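Comments concern the structure below.
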Amino acid sequence: MEETYKDRTSLVKGAKDIAKEVKRQAVKKVNKAVDKAQDGYTQRSYNRFQDEEDDDDYYVQGGNYGVEANDDEGSSEATEGHDEDDEIYEGEYQGIPNMGQGKDGMVAFGQPMRDEYKDRHELETERKADEEELAQQYELIIQECGHGRFQWALFFVLGMALMADGVEVFVVGFVLPSAETDMCIPNSGSGWLGSIVYLGMMVGAFFWGGLADKVGRRQSLLICMSVNGFFAFLSSFVQGYGFFLFCRLFSGFGIGGAVPTVFSYFSEVLAREKRGEHLSWLCMFWMIGGIYASAMAWAIIPHYGWSFSMGSAYQFHSWRVFVIVCALPCVSSVVALTFMPESPRFLLEVGKHDEAWMILKQIHDTNMRARGQPEKVFTVNRIKTPKQIDELIEIESDTGTWYRRCFVRIRTELYGIWLTFMRCFNYPVKDNTIKLTAVWFTLSFGYYGLSVWFPDVIKHLQSDEYASRVKHFHNEEVSHFVFNFTLENQIHSNGQYINDRFIMMKFKSVTFEDSLFKNCVFEDITSLNTYFRNCTFVNTTFYNTDLEQYKFVNSELINCTFFHIRTGCQISFDDDYSAYWIYFVNFLGTLAVLPGNIVSALLMDRIGRLTMLGGSMVLSGISCFFLWFGTSESMMIGMLCLYNGLTISAWNSLDVITVELYPTDRRATGFGFLNALCKAAAVLGNLIFGSLVGITKAIPILLASTVLVCGGLVGLRLPDTRTQVLM
């Protein structure tokens, strides 16, 4: 069997060598004629589209685009390139030439070469010319379809997906304190929750962006949002910290594909004069997601009474309710996406003319009916489709089993995504990719470094103020007294408590030092940050308390009894001012983005993307620098709101520039790579800024200010895309 396979392989190789030799000999005689024909075709194509405002150049009788469109142009993927006269080989391996096709296989003098006689460079040159022709024609088609009900419906559907991405970013910071307490997470493991989500988003942005250029924008977005919704819901019910990290990792992996796919999808149904403004309006949903997360956290998490337990093994606290509520935008977007079509521009790019034409007709008819003009006819009959270049895939002989087929398919798709990514560094988009990389990294590093970890700055200021208001009690002697009230932010030193009863009390940030407790009773006690240091307990009873051994630091317990001790981490107090304050601060910071969103949307097409990008980043860097001089919470919050309001214009313009600088066949891949880089910069910024927040605030703020200004200057070197059609 192996010898037969080797013989057939040798035969195939020999046939390929013969075909190459025939090609060289035939092409050598007709190169001049072919080049002349191709030059004439290219010149006619460019002459037809050199005047964008002359619509008559695109119409012939019957309203067709493209006067000289061939019959095979725009054919569906299933029929293109499969004419019987074009087939050279027959047989199982398609490698054995048919002897009866010798004369038909010759290249006639003066006729263009068929695709099988052209090398890859020639095919790619023809495809590039087709893509340039399609870009001009597609812009006119979208203008004919108009801007109306269809675009607004898609606007809200994609907005829900973008809102889910904004929610995911804020969920981590809001859930982290409660999850740490509920799951008894040690300080060494608390940083993993924030980092693991960004790691998932980083990988997801690259993967789903690349997949959107392979299988379609709608299909990729549906899958990634479904993954996010499923694991987000699952994470609210799991109990173990490891499983919770696993769920949040895949939740982040799913939502990572939202931003690159959403912007690529929406930009391809917008006309040039509408693209900048409406993509900026779409960015507002990210702000709405942040406001939604802040409001829900403010309303739900501090209500610790919203909880239940099933024994001691299963605890469901209010922060888990918050996680479920935050998954609702994702679920809504998945349901709505099932009613939306695929991007017609993507379908044309992959040669699916008929499907793209039907969707464009649907867009036209939907908008015309909404305008009260249902009688207006969609006049486009033929659309230019780029030449499709077949990719050769090596299929191994042992792929008969299902898992081998799945493995080969996955490997092929991943390799295709990698090849598309590498093309982002080819001419003519290489320079743009490098500049965009610098701008995305600096903006993300500065923004997330200050905004995501900003609650820690507020906590640090609050803890300093809280510590300054501590009350000290020395040499107390209390006997036969019943304590049934709350003790908070107190230090008791050298006290003596004889025959006292501590019943139904709450200790919050209370420390007893060098004190004696004799014949006392502690019953129904709830404590937080409470410790007994160098104390002595004699004949003391503890009943239904959470006073575990680690709270008795260097203390001596003589003849003491413990009943029904509550172990583990407890979420207790009914109201927590600091929690309310953190959520309120984030709510204000997110709401401050609204004016910047409105200004950027109104001015995006008037002053240009580059002016807005560079100016916004430079001004953000300056406002960030002034945070250095903030000496109070109110001043810091005010400067934070100003910083967020200025930064959002840079984000909006950067999103618009990114989708306009990449061609359709690598738009989502390039956007996904840059968005993945954004998440990596966010993690780096969190680590650096978080390690310095308790030491000094000067270095992080100065660092963020510097990188934002430098990134803005690089952004000014990008090409202006305001007057360009979508490539």
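From the backbone N, Cα and C atoms, a Cβ is placed for every residue, glycine too.
TrEMBL lists 113-140 with the feature coiled coil.
According to TrEMBL, the feature domain 'Major facilitator superfamily (MFS) profile' maps to 154-722.
If you look up TrEMBL, you'll see 37-85 marked as region 'Disordered'.
As annotated by TrEMBL, transmembrane segment applies to 152-177 (among others). Only residues 6 or more beyond the boundaries of the transmembrane segment (152-177), in the same chain, are considered here, and those with a CB under 8 A from a CB of the stretch are 190, 193-194, 197, 201, 221, 225, 228, 232, 248, 251-252, 255, 258-259, 261-262, 265-266, 269, 278, 281-290, 292-294, 297, 301, 319, 322-323, 326-327, 329-330, 332-333, 336-337, 339-340, 452, 455, 579, 582-583, 586, 590.
Summarising the annotation, TrEMBL assigns transmembrane segment to 189-208 (among others).
Sequence-distant contacts of the transmembrane segment (220-237), counting only residues of its own chain at least 6 positions beyond either end whose CB sits under 8 Å from a CB of the stretch, comprise 158, 161, 164, 168, 204, 208, 211-212, 244, 247-248, 250-258, 261-262, 265, 316, 320-321, 323-324, 326-327, 330-331, 333-334, 337-338, 668. Taken from TrEMBL, the feature transmembrane segment applies to 220-237 (among others).
Residues annotated as transmembrane segment in TrEMBL: 243-267 (among others).
Feature annotation from TrEMBL assigns transmembrane segment to 279-301 (among others).
Feature annotation from TrEMBL assigns transmembrane segment to 321-340 (among others). Within its own chain, the transmembrane segment (321-340) has Cβ neighbours under 8 Å at 153-154, 156-158, 160-161, 163-164, 167-168, 171, 174-175, 218, 221-222, 225-226, 228-229, 232-233, 235-236, 255, 289, 292-293, 296-297, 300-301, 306, counting only residues six or more beyond its boundaries.
The annotation transmembrane segment is assigned in TrEMBL to 436-454 (among others).
If you look at the transmembrane segment (580-603), the same-chain residues 6 or more away from its ends with a CB under 8 A from one of its CBs are 170, 173-174, 277-278, 280-281, 283-284, 287, 290-291, 294-295, 297-298, 301-302, 451, 454-455, 458-459, 462, 612, 616, 637, 640-642, 644-649, 652-653. What TrEMBL records for 580-603 (among others) is transmembrane segment.
Look at TrEMBL and you will find 610-629 (among others) tagged as transmembrane segment.
Summarising the annotation, TrEMBL assigns transmembrane segment to 635-659 (among others).
TrEMBL lists 671-692 (among others) with the feature transmembrane segment.
Annotation comment: TrEMBL describes 698-718 (among others) as transmembrane segment.
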### Highest-contact recorded stretch vs the transmembrane segment (671-692), from 279-301, 436-454, 698-718, CB pairs under 8 Å
436-454
### Query
Taking 243-267, 279-301, 610-629, 635-659, 698-718 as candidates, which has the most Cβ pairs under 8 Å with the transmembrane segment (436-454)?
698-718
### Query
In terms of Cβ proximity under 8 Å, which residues at least six beyond the ends of the transmembrane segment (635-659) contact it?
259, 263-264, 267, 275-276, 279-280, 283, 287, 436, 439-440, 443, 446-447, 450-451, 454, 457-458, 461, 585, 588-593, 595-597, 599-601, 604, 609-610, 612-613, 615-617, 619-620, 623-624, 626-627, 667, 670-671, 674, 712, 715, 718, 721, 726
